[in-house]
């Protein structure tokens with residue numbers, strides 16, 4: 001492996017996340033130490049309410065960390081200006097678009113905002129980046145469609161294309177597969193895997209599709225009550241980490257198939 | 001911008017010029033069309049006609065253009081900022097603040113005694129009172145809203161301040177004479193006339209400042225279409241952009257209310273009309289289109305208010321809603337889907 005491939009895009013050290021109110025801090029998870037490498041697809045899994053979204057919100061600066069360090073490309077997050085950060089990290093969130101009266105092409109073009117002039121005119125470079133992002137997500141046939149005409153899966157692809165057009169080292173997606181059927185869940189995650197390989201971007205997503213994540217991800221971050229572990233899926237299975245994900249009264253992890261089974 | 005839009009813009013610009021010409025050729029004194037033309041250039045042989053055209057109708061037509069375009073644009077800014085199709089230029093309490101200022105001058109003048117009152121109620125004092133009123137209410141809204149993170153809370157705070165001022169106006173109205181009340185109600189009808197060139201110049205300067213701020217917000221407005229968290233992730237300073245948009249709106253809507261009274265409807269309806277017709281949410285197209293539509297709509301409403309060859313001028317506020325509301329309803333029904 002060359003040096004650039006082992007380069008850490010995102011690193012956290014003793015990170016503690018939660019909510020700060022006037023009276024006290026509510027710690028959701030602490031002591032998070034992560035190292036995300038360039039060109040990897042990383043899945044973030046864990047039970048409901050364990051703090052997956054909080055972690056992603058903290059990494060994407062929507063929310064402040066309680067303690068600890070987050071560094072992107074070895075530069076602490078707080079040293080970035082808003083614009084520099086926008087050129088380094090792009091997001092796909094669970095929140096609804098405010099206006100769905102945009103065409104797919106217009107939506108993807110909004111990803112170029114950090115690069116455009118004061119009125120938002122697209123340069124040649126911007127236009128080619130938009131077209132590339134549309135091609136990479138197989139949206140060429142839909143690019144003149146309005147967002148309200150799209151299915152959930154198509155809209156999610158368009159949001160991914162918008163993040164790609166932003167041309168960042170790191171893309172963070174919060175539960176990109178919710179509301180999608182089984183086929184499209186696999187389709188979106190497979191697309192993310194291909195994009196990580198083709199574009200050498202680091203893609204971090206949270207998901208409840210643990211079996212798909214095991215099959216597709218280079219690294220999986222598992223959040224449990226006690227700790228946050230990140231490793232390759234095979235190592236995690238060997239260490240029996242997935243067994244500790246959920247209470248074990250209803251479902252159990254089957255190491256052979258790499259999926260959860262309902263207990264008889 | 002596509003060629004389709006270029007044609008629409010040329011068409012609208014021509015329509016604006018046509019409306020301007022029609023507007024200045026209509027009025028309670030009927031002046032032949034060729035004489036209107038000569039009067040504008042200052043070559044008319046009839047001095048009183050030349051006076052009517054140059055010092056009354058042309059400034060009034062320009063006022064109509066500023067009022068229509070300004071209210072349309074501030075309505076568009078508010079609708080996008082608050083993600084709310086019901087928002088208009090006055091949601092932040094600008095017109096209620098102005099009403100309070102004017103009510104204090106007209107209705108409250110009784111409290112200061114007769115002689116003093118007649119000095120107080122000049123045109124400039126009403127303009128100043130309206131400006132001060134809207135500025136103070138806006139300042140209060142801004143101060144409170146700097147404490148809240150949620151944009152929706154600002155909307156509610158604006159509405160609350162509007163209610164407070166409306167209540168004070170009711171109390172003042174309850175204790176004032178019929179004559180004062182009538183004067184206050186007349187101000188509330190709105191008026192495009194009565195502005196001298198000097199006043200128009202000051203009006204235009206403040207309007208221009210607001211317009212420039214609105215132009216500089218185009219990129220931010222388009223980013224807001226994605227929602228605030230996305231806007232932030234695209235490197236936009238959400239708080240600063242929000243502040244600039246609110247200042248632009250208050251400069252535009254505030255001066256318009258100060259000089260022309262609280263003109264209803266245009267600010268709410270014109271952005272909707274424009275979105276339905278242009279079928280886009282891109283502010284690079286919407287903003288100039290709203291400018292043209294607003295100006296045209298106001299000129300048409302003013303022309304109708306003149307009731308050609310009649311001695312009466314109808315209140316402009318009644319005309320804007322009377323003509324405008326059916327048009328918006330028709331557009332929504334025809335398209336079957338609201339573009340927002």
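Here the Cβ of each residue, glycine as well, is placed from N, Cα and C on the backbone.
Just so you know, TrEMBL annotations are computer predictions that nobody has curated.
Away from its own ends, the transmembrane segment (B:61-78) comes close to residues 16, 20, 23-24, 84, 87-89, 91-92, 192-193, 195, 200, 203-204, 207, 210-211, 214, 217, 221, 245, 248-249, 252-253, 255-256, 259-260, 263, 266-271, 274, 283, 286-287, 290-299, 301-302 of its chain (Cβ-Cβ under 8 Å, at least six residues beyond either end). The annotation transmembrane segment is assigned in TrEMBL to B:61-78 (among others).
As annotated by TrEMBL, transmembrane segment applies to B:90-112 (among others).
Proximity of distant same-chain residues to the transmembrane segment (B:124-145), defined by a Cβ-Cβ separation under 8 Å and at least 6 residues beyond the stretch ends, is recorded for 92-102, 104-106, 153-154, 157-158, 161-162, 165, 187, 199, 243, 246, 250, 253-255, 257-259. The transmembrane segment feature in TrEMBL is assigned to B:124-145 (among others).
What TrEMBL records for B:152-175 (among others) is transmembrane segment.
Annotation source TrEMBL lists transmembrane segment at B:200-222 (among others).
If you look up TrEMBL, you'll see B:243-270 (among others) marked as transmembrane segment. Beyond its flanks by at least six residues, the transmembrane segment (B:243-270) meets 63, 66-68, 70-78, 81, 86-90, 92, 94-95, 98-99, 127-128, 130-131, 134-135, 138, 142, 154, 187-192, 195, 199, 203, 206-207, 209-211, 213-214, 216-217, 220-221, 290, 293-294, 297-298, 301, 316-317, 320-321, 324-325, 327-328 of its own chain at Cβ-Cβ distances under 8 Å.
Positions annotated as transmembrane segment by TrEMBL: B:285-305 (among others).
Per TrEMBL, the feature transmembrane segment maps to B:312-333 (among others).
With a threshold of 8 Å between CB atoms, the same-chain residues lying at least 6 positions outside the transmembrane segment (B:285-305) that come near it are 1, 5, 8-9, 12-13, 15-16, 19-20, 22-23, 26, 60-61, 64-65, 67-73, 75-76, 192, 214-215, 218, 221, 266, 269-271, 273-275, 277-278, 313-316, 319-320, 323-324. No contact links the transmembrane segment (B:152-175) to the transmembrane segment (B:200-222), because fewer than 3 Cβ pairs that are 6 or more residues apart lie under 8 A.
For the transmembrane segment (B:200-222), same-chain residues at least 6 beyond its ends with a Cβ under 8 Å from one of its own Cβ atoms are 59, 62-63, 66, 70, 73-74, 77, 80-81, 231, 236, 241, 244-245, 247-252, 254-256, 259, 282-284, 287.
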